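A short worksheet on the structure shown next.
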């Protein structure tokens, strides 16, 4: 009989000589890469545009830089506030700070308004209508990095008498806050500073606790951590090298989520193999044979599960939105290396440790248990049947499949319907904590100035040499509060800029709808080329680009994963069942996640990126568990079991490990909720909910119930189906 190639691989990687070779390879890789390449967390975070250059808002921004030089550079907004009203003494403090900036310019400082030389009364005339607030800018070159920005903010604070930046809102006297693009980039960097280390520590502790509670083995609890930790230490410098050479852009959010993904999914893959190894040690006294057979029975499912996740995450590379694109390589590459580590590093470690890996609950064969009992002078007690609890679940599902399908489907569909009620937001600042500098500064502007003044809409028209002034038409639009006098382009007098204040919060969804309508309205009285820029226009483009990416990536990912399932299972109906169940599970997770986020945490809206982020993870990782369980069902059927018995035993043998894996994966994603960033909190909650729904409802109940209902047709058109037909 021809030897199974996976068993042969297991004999090599877990053999007496092979294990040392593979351990040496990983050790050399770890040392060489760590010593020669930069770690990914040492690379400067990417701060470029998220939108494609051909979007209207991006084209408008480019025209602003080219034609209106006073708008060139990245602005830092300093928001001054005094509850009792700003006075001449406060203006003098502000002017003294600007005089210092003229005397000692900051690194990257490109432009500075002449506030230091203006009469104090003139500057006092620029305060808000309520007399309490004033916004003054400092401009920096576009190539200034975040580190320089941070140093500049510290210097400005030191240049300001009384350091009003440290005062809390509500204090007496002059208060100041940094806001605008510069402050937002500094705050974003500070929120992610050491986030990867904190996340790793929290994730490792969580995994250790869960493994200790479930398996009660201190050695076993550390094995997955060691394997995934070594994989990460190899992945980090390789990604750092890619980023350092400009092949990829480093994204702090991507790195943070990648750590959670690697430790969660990597630990799951480790548990799949460890569980098989433990089962083999119960019937095989030779640990080398046991590890070879464990690899034989689990490597295929681990590879297909990992491969499904890799290609699923890689589809993010198709996105136009920058943040989506930047997630593709770290995620897919990280999972690939982690999967390789599980298949080539874990077996050598288990081979070295043998049964001691499970101390103090050492798995032994019946003969070994009998000899040990005899040696201790005790009576041998036969072990109870393994997987008894999950076998009961499998039996119930195969006996009452209609009841299971109807009840679970109703629950999931009700939750899925809730997802239609979700409200989304599209601005980065809403993800920041309310007490952070840039958001407090924004709040001061919002409360003390007209809503539209927060972020004017930039309407740019190319007059093509003909006289044209559309200020009056713009002012007559029902959603416009004010229009400033038109400005002429510095390089081209035909380029005219109108700054338009909306009559509502420019970051609201209603404002985005107004800008969309503005495009149509302007087209009715301007028959020349025009552009609409500004932050509201960028948010509208963000919404449209993200929507486009969702409609592209989601069907592509579904098609690819469906193809992988077809190739692996050779069963069309089962592949369709698996895809449909994980899709329903995704929408249910989105709905239940919204209930938690909105009613539990009090968030008014969900970050617009959540649907695609969570879709990619829930669909890919959800199929992980399905593949592992279906593999066992198929193997049971090949061994001659009836289809109901094969399902029952498949649920029984995989139930405990998949439940453990699901708890670990959900727990690791829930760790993201500990970060002070609303986007990651929401992403962690939705993904964790999706994993739990899949772990406790879809995988042990709905999927096996559907397979039971379809009977032999679940195997169509594979050899299993043909053998069933021939036996009828």
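Here the Cβ of each residue, glycine as well, is placed from N, Cα and C on the backbone.
Per TrEMBL, the features are as follows:
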{"type": "TRANSMEM", "residues": "20-37", "note": "transmembrane segment"}
{"type": "TRANSMEM", "residues": "197-215", "note": "transmembrane segment"}
{"type": "TRANSMEM", "residues": "222-243", "note": "transmembrane segment"}
{"type": "TRANSMEM", "residues": "255-277", "note": "transmembrane segment"}
{"type": "DOMAIN", "residues": "257-352", "note": "domain 'SSD'"}
{"type": "TRANSMEM", "residues": "298-319", "note": "transmembrane segment"}
{"type": "TRANSMEM", "residues": "331-354", "note": "transmembrane segment"}
{"type": "TRANSMEM", "residues": "401-420", "note": "transmembrane segment"}
{"type": "TRANSMEM", "residues": "552-569", "note": "transmembrane segment"}
{"type": "DOMAIN", "residues": "575-708", "note": "domain 'SSD'"}
{"type": "TRANSMEM", "residues": "576-597", "note": "transmembrane segment"}
{"type": "TRANSMEM", "residues": "609-630", "note": "transmembrane segment"}
{"type": "TRANSMEM", "residues": "651-673", "note": "transmembrane segment"}
{"type": "TRANSMEM", "residues": "679-702", "note": "transmembrane segment"}
Among 20-37, 255-277, 552-569, 679-702, stretch most in contact with the transmembrane segment (298-319) (C-beta, under 8 angstroms): 552-569
Using Cβ atoms only, state whether the transmembrane segment (331-354) and the transmembrane segment (679-702) have three or more pairs under 8 Å that are 6 or more apart in sequence. no
Could you check whether the transmembrane segment (197-215) and the transmembrane segment (401-420) come into contact, where contact means at least 3 Cβ pairs under 8 Å with the two residues of each pair 6 or more apart in sequence? no
Counting only residues 6 or more past its boundaries, what in the same chain has a CB within less than 8 Å of a CB in the transmembrane segment (552-569)? 304, 307-308, 311-312, 315-316, 318-319, 324, 575-576, 578-579, 583, 612, 615-616, 619-620, 623, 627, 630, 634, 718
Against which stretches of its own chain does the transmembrane segment (576-597) lie, if we need a Cβ under 8 Å and a gap of at least six residues from its ends? 409, 411-419, 421-422, 558, 561-562, 565, 603, 606, 610-611, 614-615, 618-619, 622-623, 626, 630, 682, 685-687, 689-690, 693-694, 697-698, 702-703, 706-707, 710, 714
Same chain, outside the transmembrane segment (255-277) by at least 6, Cβ under 8 Å from its Cβ: which residues? 40-41, 192, 195-196, 199-200, 203-204, 207, 211, 220, 223-225, 227-228, 231-232, 235, 290-291, 293-295, 297-299, 301-302, 305-306, 309, 327, 330-331, 334-335, 338-339, 341-343, 346-347, 350, 357, 613, 617, 621, 624, 628, 656-657, 660-661, 664-665, 667-669, 671-672, 675, 680, 683-684
Within the domain 'SSD' (575-708), how many residues are helix, strand or coil going by DSSP? 118 helix, 2 strand, 14 coil
Residues in the domain 'SSD' (257-352) per DSSP class, helix first, strand next, coil last, are 87 helix, 0 strand, 9 coil
